[in-house]
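Everything on this sheet refers to the single structure shown next.
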Amino acid sequence: MAAIGRGRSLKNLRVRGRNDSGEENVPLDLTREPSDNLREILQNVARLQGVSNMRKLGHLNNFTKLLCDIGHSEEKLGFHYEDIIICLRLALLNEAKEVRAAGLRALRYLIQDSSILQKVLKLKVDYLIARCIDIQQSNEVERTQALRLVRKMITVNASLFPSSVTNSLIAVGNDGLQERDRMVRACIAIICELALQNPEVVALRGGLNTILKNVIDCQLSRINEALITTILHLLNHPKTRQYVRADVELERILAPYTDFHYRHSPDTAEGQLKEDREARFLASKMGIIATFRSWAGIINLCKPGNSGIQSLIGVLCIPNMEIRRGLLEVLYDIFRLPLPVVTEEFIEALLSVDPGRFQDSWRLSDGFVAAEAKTILPHRARSRPDLMDNYLALILSAFIRNGLLEGLVEVITNSDDHISVRATILLGELLHMANTILPHSHSHHLHCLPTLMNMAASFDIPKEKRLRASAALNCLKRFHEMKKRGPKPYSLHLDHIIQKAIATHQKRDQYLRVQKDIFILKDTEEALLINLRDSQVLQHKENLEWNWNLIGTILKWPNVNLRNYKDEQLHRFVRRLLYFYKPSSKLYANLDLDFAKAKQLTVVGCQFTEFLLESEEDGQGYLEDLVKDIVQWLNASSGMKPERSLQNNGLLTTLSQHYFLFIGTLSCHPHGVKMLEKCSVFQCLLNLCSLKNQDHLLKLTVSSLDYSRDGLARVILSKILTAATDACRLYATKHLRVLLRANVEFFNNWGIELLVTQLHDKNKTISSEALDILDEACEDKANLHALIQMKPALSHLGDKGLLLLLRFLSIPKGFSYLNERGYVAKQLEKWHREYNSKYVDLIEEQLNEALTTYRKPVDGDNYVRRSNQRLQRPHVYLPIHLYGQLVHHKTGCHLLEVQNIITELCRNVRTPDLDKWEEIKKLKASLWALGNIGSSNWGLNLLQEENVIPDILKLAKQCEVLSIRGTCVYVLGLIAKTKQGCDILKCHNWDAVRHSRKHLWPVVPDDVEQLCNELSSIPSTLSLNSESTSSRHNSESESVPSSMFILEDDRFGSSSTSTFFLDINEDTEPTFYDRSGPIKDKNSFPFFASSKLVKNRILNSLTLPNKKHRSSSDPKGGKLSSESKTSNRRIRTLTEPSVDFNHSDDFTPISTVQKTLQLETSFMGNKHIEDTGSTPSIGENDLKFTKNFGTENHRENTSRERLVVESSTSSHMKIRSQSFNTDTTTSGISSMSSSPSRETVGVDATTMDTDCGSMSTVVSTKTIKTSHYLTPQSNHLSLSKSNSVSLVPPGSSHTLPRRAQSLKAPSIATIKSLADCNFSYTSSRDAFGYATLKRLQQQRMHPSLSHSEALASPAKDVLFTDTITMKANSFESRLTPSRFMKALSYASLDKEDLLSPINQNTLQRSSSVRSMVSSATYGGSDDYIGLALPVDINDIFQVKDIPYFQTKNIPPHDDRGARAFAHDAGGLPSGTGGLVKNSFHLLRQQMSLTEIMNSIHSDASLFLESTEDTGLQEHTDDNCLYCVCIEILGFQPSNQLSAICSHSDFQDIPYSDWCEQTIHNPLEVVPSKFSGISGCSDGVSQEGSASSTKSTELLLGVKTIPDDTPMCRILLRKEVLRLVINLSSSVSTKCHETGLLTIKEKYPQTFDDICLYSEVSHLLSHCTFRLPCRRFIQELFQDVQFLQMHEEAEAVLATPPKQPIVDTSAES
């Protein structure tokens, strides 16, 4: 009703407005023949004189009435549509804006289909529509109607949309704000609408630039989002992506942040610059955030190369505080994090983002406890995927990959305090988020914070920076403590509920616990008396001065109560407290809620009631006194008028509301319940339920009582749920969610029943809330069983009710219940037919609500609501899917198999049709269905049989419709819900999160399935020296060394490999993939259960059959044996389990050596080792490092060795290896560490040099992970003309004590050095060989990438980048030894360095000793959260380059124009296209009027005769308002002279007749301050034009040339067109305008020329003019009569009515 009433009132207003404007009431007789009515209307509209404008207005309004009455039919109307349009368009030329508005309205009603629209456009009415939009003279009514007509044209057929109107809209969009045009937003909205329907015409005219410009102009998030989403929609699909310039247009929104000199408008005054900059920041922030909320935006801003995300993060490293502050706000918004207050105090900032901080919505008058609990208590879903997590994980991974963490460290250490504080909190939030939602391959390097640790520990950097870093680490520790503590309830009511729920569970668990207070000290009584005295209660009556801490202690004292202690002092103590708390005393009750000790006083009050309860009979009298007083207060409150009771009792503002907590405390105890019954408290509360306007009292009642026991408390709750007001019923329903989340005892027995009752509430909001709570409750199987037992009716609740019912199918009991009723078969059919598609809408709507300003329409309202209010970290839990529920058990799986559903879904995925949106939606529906099926092990087997998972992975990486990639990411997350799913994805280089939500601090499970005895293989770290070890936080007490061994195996395909040491000389062409994390294999690397076995086998192998000496000058290095060249072997690494070397001085190896074991070592150095068969022993000293380590330079004494051990493992593994891995974020120099994540070094087998350590030194801060797959034929790299180097495993253990490294701007990659002092090491030449190997790998990965692109990881400290020159054949070191040493000296000793994963196969998911959890002890039955990402996140950001679209595709009615303006031109705004450019080119070639008139007589004649010139270069019959009608009507108008369109009209008029001039007397030039007739100097306005700088008048001697001659008109036309085209340039605009005004003044009849106006309109439709210029041009022609067009209309109406013929061509 409201909507109807509103519509009627608006209509009345509209009518009244027209009457106010003077419209004459023209009667319309609908009983007459429609053709007669129409003829009368058209005659009145077309008549030039004799009909007042207001009468015309009446007739035009009658025209719309007539159309609405009889419909669209040429037969009924008696006129062709062309005839009607020829007459109606005259209304658009009327001088009265009301008539023009009515004409536009009439056209809008007339255009019903494409055929009519084609006719309107053929008659060039679009020129006149554009004219209405351009002109602004208090004519908003007219312009509004014009825009409504434009929208109708888009709706009818956007592909026909004319460029003339597009240019007009774009001009308003570009310049409207400066011109204070009120239609600017409407025009931009229409441009967006058009861009979606016909992107080509918008892109061709530069409309996309207009949209993006307005993004930076608009600070309203709803509008800003709509604008940017238009561009993102075009980027989403390959067919429309061509219209957006790659890497240029979308990146415009970043400009305010990335361009420090950005000025949005050159006209901004200096004084307004700061304000303008703030506005641009805000608008840009909104645009960036909206872009990151869409898949098209994410993929385009994150794609590898020079991406937008790199620009943003790079700017963080530049010390501009204003930009940093703004960017931090952007990042907080992108990750949906609350923004801390601006402060220099970290604690203050931290408290401002504490989830438990007070919020206004938690007040009693608002959402109270229900709102607080929804924020603080976690959702019951433990493993149901939250799609927001998937989205955030992807974004976070992309940002981390591009160096965000290092950027934040730079901001923390180099910014003002308030910025540093914000950056620290953001860093903490992101690390916490990464720990929770990132797969381990994406997060293993996050927790080290090496750069920050380095800065805090190093004395080589400025003190201020070091102190900042140290402070930041302390702050992060406090932040972690806050996260670990979790959100604490703010209100005592919620705290009371949670504590009671915990207490009941604990009591149940510890029912038979032994009393702890058996051994009470003898002096308890004495101590009690001392405390009584010190509490001050007995000393004085200043209640608030009492020691309330001591009072609480006394009341909680074990075994102290009035029953045990008869002491009078204790009774006095109790009486004083009782008096204080009684409502009648008005002491406690009248204190304000925000009083400093308010919470403490209430807590003590609750303890006091418990104390009295425990005192039994002795305390009963006091307790009864208190309770009766509270009842009296309650009755008094409820008896008053509501406003008085609240005002007088101060329920909203005073502690009186906490009396309900006292009642709640009593309701938790059986004795307390009896007391409440005895004092009629329950009866009083029941009476409250039926009273009106007692909402606050009822809220307090519901929130305070304990419902764990069956009794009157539940009766009261039940009554409030059914009998109270709507607001109270809704609150009570919401409170059931609080009880559910607080895990109140036996909720499934009684809570579910109450919720089912609420489903039938007449208020839809309440039933919907109950349904939502039931959905959450069913996450718990006990609740689901209880619900199925009740068999509720859910069909009346729409789609949500249906989805809840589908949950029944997930357990056999529910399946059989529904199957018996034939429900399952019906649903299968429905889902196949329509619900699979509906499911896509449901999910995308939820995601839109969570991510954008979109709000779901309420109660069937079609109006799309938007909200500027920012949602706090919303959740989008995956809706229930029929197939996903069926696959939870074997019966359901069998049913899906029998129905052949999966095969069809797989077919849709394998052969998608991406050209139609319906097909794209069908593909999404199939993906979601398959994902839900794959979310259980049963269903996953079905997907495996179809082998469809690789197809989904392919779509995720390569699909050209970018939103499909997003859907695939979500769907692959569903497949990763089970361990089996994770393992399958792992084989395809996708890593998944392997924990559920109940693990708040997830520990990485051990993936090593083959590990027989996990505990025995937990390695530990080698102690470097006492100083470094003691400085390590939480270091292991017992440190033992470990060793790394290379395992070679001639049997291909027998086990997984991790090849670090590669023979570079072998011929092979492995395939490389850039990875952001180690690649995980299905089966991990085999450890040996017994460390003794390993020790023996390794020691048995220490013979040296193939030693090869190499001097430091040997250019080729130690060549490997010919055997190693010819045989294809697989090299694997193994981390030896911990072996304690400290118990013996040395090892004595067993002398027998197995034949299959080889040791291949190449030595370099000046120490000679005999090439004998003896096996050197490894002594303890060989592995110990002295404290003077690093003082001598023995770089030549390095050695390389290869220990070769045979190992047999499982035979079904893929062959994978890691050739080069620099992917620790830590500075990787570590002690000889061996951890689950660590490959350790090859043992140095020399016995002579006791200071020799291991040769493994690779340092890096961020990751370039490279893995390659070995083919069975070969496993070595080929590298011509290169050293044969046995390479070191990057990041493996090290031997240097280190200081922290101070980094330069983190955006610059710095080397961490490969040199060290007196332990065996790679030479610098080896380092270059190593680097070259890396470069070649990168080139094979991305042949098209430049050196910097290929090598520069987003890391800030990448190994081997700019500091080493990367040239294939000429290695030049830019590092001096001293710089090597300096770099090494900085390295940090962060604990996590030792725990950073290296080995891809075995140790992917490992962290540290504390992370070692066997999969056996891990919660196996619990599903994971359902989140997976590719190991290399860039895999899903690759987009095929589509060239920018060509401008040759012009709408059909512009063919002639397209031919005319075919070339190129300069100086135009982008987006105008070739048409625009060439018109300049041609028009500049014309001779100016001055040149023609200055030429001699014969030249002028020749010029005119040779060109057959009309003065109009682009004129055709099709693009002229006048000539097109002649062509259509097929007759000539009466006034031939009016149209000088063809040369024949004046061809026979001799030149001398009007220019009586001899050859010897040329035209005289009369100087004036203007040049030419126009008064415009072409020398100034157009570079290169050949015009006179003098002024001319058309004179013969002193006689003016007659201006009514054809020749004169030609010249004037040329001059007008030349000046008009010059106006499209912003140079000398004023000069050109002056020239046109001069012509207007001297030759006004020049502009009364329809063909000239059509030509000008044609130029306006094909060239870009600024809005002021368009307005100026339109106003030149504004007072023109256009008589010939009236004559055409009269000719139409003069012809007798003829039978209309349907135009079939137009229809086609």
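Using N, Cα and C of the backbone, Cβ positions are placed for all residues, glycine too.
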| field | Same ATP site per Swiss-Prot - residue from N531, N543, N635 joining R572, R576 | value | N543
| field | Record feature phosphoserine (Swiss-Prot), assigned residue among S708, S1162, S1378 | value | S1162
| said: Between 521-570, 1421-1470, 1621-1670, I'd like to know which one Swiss-Prot lists as region 'Ribosome-binding domain'. | reply: 521-570
| Out of T1148, T1376, which one does Swiss-Prot list as phosphothreonine? | T1376
| request: Express the distance between the Cα positions of N543 (ATP binding site) and S265 (phosphoserine) as a whole number of Å. | output: 66
| request: Just name the most isolated of the recorded positions S265, N543, going by other Cβ atoms within 10 Å of its Cβ. | output: S265
| message | Which one is it: of the binding-site residues R572, R576, H1515, which Cβ has the fewest other Cβ atoms within 10 Å in this structure? | response | R572
| field | Among C1520, C1523, C1651, which are binding-site residues, the residue with the most C-beta atoms within 10 angstroms of its C-beta | value | C1520
| So of all those recorded positions, S265, R572, R576, which one's Cα sits nearest to C1520 (Zn(2+) binding site)? | S265
| If one measures from the C-alpha of C1651 (Zn(2+) binding site) to the C-alpha of R576 (ATP binding site), what distance in angstrom results, rounded to a whole number? | 103
| remark: Same-chain neighbours of the ATP site, Cβ within 8 Å of the mean position of the Cβ atoms of N543, R572, R576 and not counting those residues, run in sequence order as V537, L538, K541, W546, F573, R575, L577, Y579, F580
| field | Rounded inter-Cα distance in Å - R572 (ATP binding site), H1515 (Zn(2+) binding site) | value | 109
| query | Distance between C1523 (Zn(2+) binding site) and R576 (ATP binding site) at the Cα atoms, whole Å? | reply | 105
| message | If you average per-residue pLDDT over the region 'Interaction with NBN' (1-789), what number do you get? | response | 89
| Could you give the Cα-Cα distance between S265 (phosphoserine) and H1515 (Zn(2+) binding site), in whole Å? | 37
| request: Express the distance between the Cα positions of R576 (ATP binding site) and H1515 (Zn(2+) binding site) as a whole number of Å. | output: 104
